[in-house]
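S.K.: Handing you a structure now.
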Amino acid sequence: MSWQRKDEEMLVPHPEFNNSNNNNDAIAPMEATVGRQETVSTAENRPIIEDPPTSKFTWTIEHFSRLNVRKHYSEYFIVGGYKWRILVFPKGNNVDQLSMYLDVADSSILPYGWSRYAHFSLAIVNQIHPKYTIRKETQHQFNARESDWGFTSFMPLLDLYDSAKGYLVNDTLVVEAEVTVQRVLDYWTYDSKKETGFVGLKNQGATCYMNSLLQTLYHMPYFRKAVYHMPTTENDAPSNSIPLALQSLFYKLQYSDTSVSTKDLTKSFGWDTYDSFMQHDVQELNRVLCEKLEDKMKGTAVEGTIQQLFEGHHMNYIECINVDYKSTRKESFYDLQLDVKGCRDVYASFDKYVEVEKLEGDNKYHAENYGLQEAQKGVLFIDFPPVLQLQLKRFEYDFMRDMMVKINDRYEFPLQLDLDRESGRYLSPDADRSVRNLYTLHSVLVHSGGVHGGHYYAFIRPTLSDQWYKFDDERVTKEETKRALEEQYGGEEELPQTNPGFNNTPFKFTKYSNAYMLVYVRESDKDKIICNVDEKDIAEHLRVRLKKEQEEKEQKRKEKAEAHLYTIIKVARDEDLTNQIGKDIYFDLVDHEKVRTFRIQKQISFTSFKEDVAKEFGIPVQFQRFWLWAKRQNHTYRPNRPLTTLEESQSVGYLRESSNKAHVAELKLFLEVENGPDLRVLPPPEKTKEDILLFFKLYDPEKEELRYVGRSFVRASGKPSEIITKLNAMAGFPPNEEIDLFEEIKFEPNVMCELIEKRISFRASQLEDGDIICFQKALTSDEEMYRYPDVPSFLEYVHNRQVVHFRRLDKPKEDDFCLELSKLYTYDDVVERVAQQLGLADPSKIRLTSHNCYSQQPKPQPIKYRSVDHLSDMLLHYNQTSDILYYEVLDIPLPELEGLKTLKVAFHHATKDEVSVHSIRLPKQSTVGDVINELKGKVELSNPNADLRLLEVFYHKIYKIFPLNEKIENINDQYWTLRAEEIPEEEKNLGPQDRLIHVYHFTRDASQNHMVQNFGEPFFLVIHEGETLADVKERIKKKLQVPDEEFSKWNFAFLSLGRPDYLQDSDIVSTRFQKRDVYGAWEQYLGLEHNDSAPKKAHQGNQNRHTFEKPVKIYN
């Protein structure tokens, strides 16, 4: 291993590798170095207190070669109040290099969660030639997991032990350390508002890209003021109104003390949770959001604000060189996309933007009245906007690798941008030269990561002063200019040259954090744009609403901060049971979230609390008796026992802690109050061990109604038959009405409700305090007239009932109707109820599709006929239960359909410019020949004997001609198009030297490095031996029926793997093509280059293999 090789050094902690890890050296340095530069949570991204303490330490090690230890520590030294020491491995840490680290000396005794950040250098002094001293530096966040950090491969042992080299003299080694300890402000306690005056935005999952854009727009006060002046009303809801949601967000950013949520805004976009966890394209979001706001500002006092701020114009021109002809077209822009690849800075990108392209040779321009002419083509700017948004093209499609890649090249951008430079070389002749296009940098939006994801944040100068701020989701920090500019240029970075005496190779790594969007403000407009925005710009109803929200939030925060001083007591009464049972709840007795809640200081005595209850409910203290609730082993929750006199003398805090084994923060009580016949309050009756408190519910099978009718003490030795008269009185029945009694035992996971034998004692029936008895009139012979004739069947129904929201599959965002069903319903039960709802005679024509809880969309595959047992299975998505199902009505029964295969085939007419789409439905074992026979009966043929073929077309290329005997079961028409067409007569009679070639339309996009893009309908063409391009062109013109004038502008090329080789009229076409069709023939084709004049359509299905981000949509 060559000792000059610096790229072998390792910035890693010193864990002692076993032999299997010896090969990690080449990977670890990159990981460690890049991690140090890129990881969002590292200390270098944290705010740091000024003037960090620095100290040097020299360690002289005598008899170094005689050290017979694996590790050797220095004595400790103190820097910044912390103890440090140096750790060396004299014989290397499983490498043939000296290994050396900086170590936290007292790490084993430091408190949990300790952390410190240091920038340090370690050196081996050359005692003969000091200039050859080897010094290496790095920085690290030290913590319990990584309490040392340094270099596994500091220098080769071979050189260290070579006395002539000067490092080990008289068997003495001199080590130097220089340590700078920087105090890092703790992330959790850091207060952005206090430190910077600004607050951040919360990340909903993957919305950092949106947060950086919103902060940039917010810090354009002119834009913020316009948003505030958009008309909204007090009846609007932020989650349904983009203007109100944005006003609310901006108000909170301006006046809140803590980070702000964007949930209302994303809801107003019509986004669901899935969209918030999907990283979108920032540039696209910027455009879509501005378009939405522009639209919603129409007809208001702020109409035109978006254009005034962001709209500029440029002129596309083509000017003939030899004749007096010039064509120009004015276009507007809201942002400019600048090339990064091949450009060193913004000026180089603008130079490239206005670069003149010569149209000559085969690429001449067809000028009106002058024919084909040599010309110059280019773009010049008519005017620039006050706010110039520059989108840097950091993401490009790499054709050779067939994938999107991120361009991390170094790309510089200035603090001041002069677009009038070189006598206005970017400006058109029509530009107003009196406007000074001098811009100052306002924002730098940064992407850290790779092509498939990463992190976004922004550096912004809100007032265009020298102070920059970094807006990184919830956190805002002050930053130096260098952090916002030079460190966001991208490119490579190399570790400092620490050993200048030797010809070593610098260790370089790619910087994956770099600017992808720049926002500049024109100097002459900055006073207008960076204007004052205060409360008078905010509508009164908005101020009132948001101030109230802030006050409620502050009150909740205060209550949370003081929660440890208080006990929450929830008091349930008979009135709560009467109001809730049979309406909100059916099982157990009460929902404690809906009863009266008291917030009582912990030291207050319970007797004092009873006085509060007396005031609240009007029940004198002596008439109150409180019961504690208990959670039973069967997961029911019942009153368990009354409080004792001793317990009532304790403080409420003590009572909560002593009575609460589960350590819940609340004390739940049942208030027992006795009322006499005249409803006057009475003292509670004396309770002995013989007395049992029971609660009673009455069931009416006719009304399917369950309600609470009261409670009563019974003697444990008594029998249910003894209280029949009392229960009849509670129910309003005649005294001698026959009734059946059931004990409600439990309801999870299954309902357990058992008939009570009236002739045995309550004790023998194992009834105790807090038990529930449900009763009803005794069942008679006409019970079949009721759906749920008894209490157990009704409770079973309630436990399993499920309200399901049904939506049409073609309208997946809208509920169509709701049905109350049972989770135990079979597949047949469910489709039968849906068919009844729709008035459909045959339920088997209903096809259902389950709901994806994560994407909030239908699952891609429908539910197969009788493939699930119960409704509960249909509603389950992984571990989540939904209440949504999608339905469609089929034209044939589902079992029959599942035995068939449906293909969507586009038929291209042979002589007319017509395409008709047909659904062909055949048994799965059918062949392509069967499809063609079926299709023949549906389409108009040029002659009755015409033969058809079926093609697979994907992204404007023909990939396959299907053999007639191929089974259709595995043909997929979801992602690519199936095209049917007549086989031309000339193809049926191919001569031995004839070729059948692919012909595709294409254009070359100048904004995408002239990458070939196919469009239109591809086709086959027969070419004959010795046929020139001129002959072939004539046949193509006739086939496609293109007018002469337009056809004269077309270019023809042979393309192989996307590279065009332009052809002359005299070229023999057949020499370019392979003799027979082989796999991949679609990548060799005759290309017709011309403008795509067809209107742009959204592709059906996945027509773009190179798409890597979901399109941004704002639905409202």
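Each position is counted from 1, following the chain as shown.
From the backbone N, Cα and C atoms, a Cβ is placed for every residue, glycine too.
On a predicted model such as this, the values are computed, not experimentally measured, just so you know.
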S.K.: For the annotation region 'Disordered' in TrEMBL, which listed range does it cover: 1-24, 49-72, 985-1008?
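M.R.: That would be 1-24, the stretch labelled region 'Disordered' in TrEMBL.
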S.K.: Pick from 637-660, 1093-1116: which range has region 'Disordered' per TrEMBL?
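M.R.: Checking TrEMBL against the ranges 637-660, 1093-1116, the region 'Disordered' one is 1093-1116.
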S.K.: Look up coiled coil in TrEMBL and report which of 536-564, 855-883 it refers to.
M.R.: 536-564
S.K.: Using a Cβ cut-off of under 8 Å, list the residues of the same chain at least 6 residues beyond the coiled coil (536-564) that approach it.
M.R.: 225, 228-229, 232-234, 244, 247-248, 251-252, 255-256, 599, 665
